[in-house]
């Protein structure tokens, strides 16, 4: 593009009336013009080199950030430690960025909310708090004030979640730090008490005779329901009856997607592999075990990608998983954690939930990550004496929301969600064998008077 004017200058026809002096003057002017153009082009070349250097620098920085697993912003409790990379904190900042007009409206709404609260009009105040956060999701003062408001309503878990979210955005916010120091011990107490309730129910389930026909029937139904819900979460449209037909008869359902039916067969194969090979196995869970699970999950749908790590970058909602070249390294680190003493000392539900989250965070496969993560979670639960649990398709929105909250820095809502699913499974088994359901301990309401709710999206 730059050379085109030069070509046109050279191609100008010389007038016939030009004298020798005129020819000399013409050549002098042409030399000056070429010299000026070269003087202009040389800096442009330098600028181009600088641009390329900057791009190379960005590429190098991106690579370093992808590998910077130890440069972290931690948002943890002593019982549940999860590190979030600085890159992910940046993604959160981008996500919560509001327009200048939105920020002004958020501040006005917060001031009105505080005034309504002062006047005792708590219903209006709550709506205004939520409106402020809708206008500016990263408004730390609004998060902190809504946390105080929730704490006054004795919704300690919600308050602690809001303080934690504020600190994820602004780690040195003084008021949020003070408030979270107050709520954290209370929340840990609530969580541990809930785990104790689950342990009590597990002991009741384990006391049911293995030959119980009622238990056998409900476990069989649970098996079909688990496959139905875990593929439905991913968008599979087969009904429970159709899934039962496929697995019992080995015949395809006419008029239905063969790919969806192969997803069901793959889940069935993966669950058989876990039940027959891994549950009773003594020893570490390895990368090969996870690859074998995935090979069965995806093997009937995409045999080329089944059982192998992805080779392309993917985007999952607001989350950017690790670069493909870092997947194997992160899976090795994940496996080390999976078999570490720290992980083994966690409560089984907490351990299983964290394993699920960490695997889906890495997103090591091109497809089938959610199904594989849920299977790994159930493997850990079964090895600890818990029954496999089911996340129902009706819970899909809540499930994805708490995963997103975990990506933002607080994994505890996801752990509580898995704990709630675990309790539903245990209650189902106990109620199906009614003689063992007497005097079940209740997790809610708890004796402290605190509400035990999952955080809601403002």
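Backbone N, Cα and C atoms are what each Cβ position is placed from, and that goes for glycine too.
Summarising the annotation, Swiss-Prot assigns active site to 363. The ATP binding site feature in Swiss-Prot is assigned to 234, 316-319, 367-374, 399-400, 407; the stated evidence is similarity to another entry. Annotated domain 'Fido' per Swiss-Prot: 285-420, in sequence order, evidence recorded as sequence analysis. For 275, the entry in Swiss-Prot reads N-linked glycosylation site. Annotation comment: Swiss-Prot describes 80, 183 as O-AMP-threonine, evidence class similarity to another entry. Annotated repeat 'TPR 1' per Swiss-Prot: 106-139, in sequence order. Sequence annotations record features per position, and here Swiss-Prot assigns motif 'Inhibitory (S/T)XXXE(G/N) motif' to 230-235 based on similarity to another entry. Annotation comment: Swiss-Prot describes 1-23 as topological domain 'Cytoplasmic'. Taken from Swiss-Prot, the feature topological domain 'Lumenal' applies to 45-458. The transmembrane segment annotation in Swiss-Prot covers 24-44, and the record cites sequence analysis as its basis.
Structure coloured by features recorded in Swiss-Prot.
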residue : record                      : Cβ within 10 Å
183     : O-AMP-threonine             : 22
234     : ATP binding site            : 15
275     : N-linked glycosylation site : 15
317     : ATP binding site            : 10
319     : ATP binding site            : 17
363     : active site                 : 20
368     : ATP binding site            : 27
370     : ATP binding site            : 23
374     : ATP binding site            : 26
400     : ATP binding site            : 14
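Counting every protein chain shown, the Cβ of residue 372 (ATP binding site) has 24 other Cβ atoms within 10 Å. The recorded positions recorded for this entry are 183, 275, 363, and the Cα of 363 lies nearest to that of residue 317 (ATP binding site). Per DSSP, the secondary structure of the domain 'Fido' (285-420) breaks down as 85 helix, 2 strand, 49 coil.
A straight line from the CA of residue 363 (active site) to the CA of residue 370 (ATP binding site) spans 8 Å.
Taken residue by residue, the repeat 'TPR 1' (106-139) breaks down under DSSP into 27 helix, 0 strand, 7 coil. Secondary structure of the motif 'Inhibitory (S/T)XXXE(G/N) motif' (230-235) per DSSP, as helix, strand and coil residue counts: 3 helix, 0 strand, 3 coil. Averaged across the topological domain 'Lumenal' (45-458), the predicted model reaches a pLDDT of 85.
Distance from the CA of residue 275 (N-linked glycosylation site) to the CA of residue 374 (ATP binding site) is 14 Å. Recorded residues residue 319 (ATP binding site) and residue 183 (O-AMP-threonine) have their alpha carbons 29 Å apart, per Cα-Cα distance. A Cα-Cα distance of 25 Å separates residue 400 (ATP binding site) from residue 183 (O-AMP-threonine). Residue 370 (ATP binding site) sits 19 Å from the residue listed as 'N-linked glycosylation site', taking the C-alpha atoms as the reference points. Of the candidate binding-site residues, 234, 368, 372, the one lying closest to residue 275 (N-linked glycosylation site) when CA atoms are compared is 372.
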